[in-house]
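Record features, source TrEMBL:
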{"type": "SIGNAL", "residues": "1-22", "note": "signal peptide"}
{"type": "DOMAIN", "residues": "72-399", "note": "domain 'Peptidase A1'"}
{"type": "ACT_SITE", "residues": "D90", "note": "active site"}
{"type": "ACT_SITE", "residues": "D285", "note": "active site"}
{"type": "REGION", "residues": "411-432", "note": "region 'Disordered'"}
Amino acid sequence: MRLPLLGSSLCASWLLLSVVHAAYVDTRQPISLMRRRPSAALGARSAVHMGRRGKRAEGSIPLGNAEMDTSYYGVVSVGTPAQEFNVVIDTGSSDLWVPSSSCTNCNSGGSTYDVSTSSTGKTVSDSLEDTYGSGAFEGTLVQDTVQMGGFTVSSQQFGAITYQNETDGETVLPAEAQGLMGFAWRPLAQAGTPFWLDLVESGQWDEPLMALQLTRFGNDTSASNAEPGGSFTMGYTNSSLYTGSIEYHNLTETPTWWVIDISGITVQGQSITPPTGSSAEAMIDSGTTLIYGPTSTVAEVYSNIPSAQVIESGYWAGYYQYPCSTNVNLTLSFGGAFWPISSADFQAVQGAGSDASQCIGALAPTEQSAGFPAWIVGDTFLKNVYTVFSYSPAAVGFAALSETAIAENGVNGTPPGDVGSQGGEQNNSGVAAGRLGDPFGAGAWTVLLVGLVGCMMS
């Protein structure tokens, strides 16, 4: 998620990042961001969607799963001739960032952006900066053609990274991604209109919404550093990935982040009533790995988990540990159904310190700062639901995952392959060639990146 610059001293405990955009195309342009072996489910899904053609367009973007559920990413192409970059899909920020050819510490993966070599690019400003939960980007503001999911924006403004700042030794991006794409709202943007807003506001989607389905590989001991990560769609919902109806919740404020209220919690069958008012506001953030909430409520949750205790010192100070043998049953409600979180997802890290029998819980405390939601609901929750982000009315929706979606969890896909010709080119096969970069470097990230506590002075 992105931390906006406010006129006060801000401290936040959070993690990573997200974006998307478009121009008119006359059919849906699915684009594969990771090669995977064909399966019956994938074939059936492609057949269903290729049969749906509207007067506008839909975009389907298969995702990559980095470092056992740490982050989820796809491919964007930039410039003329087009260059492809892996970007984290982040509903907690609004800008696009890719590595500049002048960046000395970027995860370039062999690709960097040089505005002077693009026939459609130009520099808008020599200075641009965005701050995130685990670091910041410095760079230049540029304008160029951007393509993703078959959609094109010919004059998209974005950041070309010249330097990545670290927070407590952690950078914004995993080793597998070179940049990030933000899918939050205009007030957070430092680089003009967000890609996805340009598309939806010009009426080019069949429906004014985006939808997300994430896979689970965190509990798969055979998983590699890069696995199929699920699906991100623009302009439609994929009915093969969910069952029942979608439960929508209107945003609680003028859209900045995707914020809705948490109304109920259960843990181990016990009901917990969360705070109300601003303390109930929850950002739904695909760029954050875990779940963060008010200190008192988090403590009450763990008081219902046998032998759970807060870690007093060391790297994990402030987080909670509990016996790995405990099956934690946690649910969240946003004013309707109670959505269960898999016990496997709640078990964020095994082996806290020297005790391999203890696990770090995926719910962590944070103190609310002025201008920020009290809760950040990240991938720990989102892996358990089909999530819809609606432009109009401004809302977030959840639905139960289908058997088709659940079957993708722990299913090993083909590692990233060669760069394919993708962004914006018509592809009637339903799956286009693509790549997600080089394999992860050893020790690039920890098994699960959590949001490290960082303080920022505006």
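In case you wondered, yes, glycine gets a Cβ from its N, Cα and C as well.
In this structure, the active-site residues D90, D285 were compared by how many other Cβ atoms lie within 10 Å of their Cβ, and the smallest count belongs to D90.
Here the C-alpha separation of D90 (active site) and D285 (active site) works out to 7 Å. The average pLDDT for the domain 'Peptidase A1' (72-399) in the predicted structure is 94.
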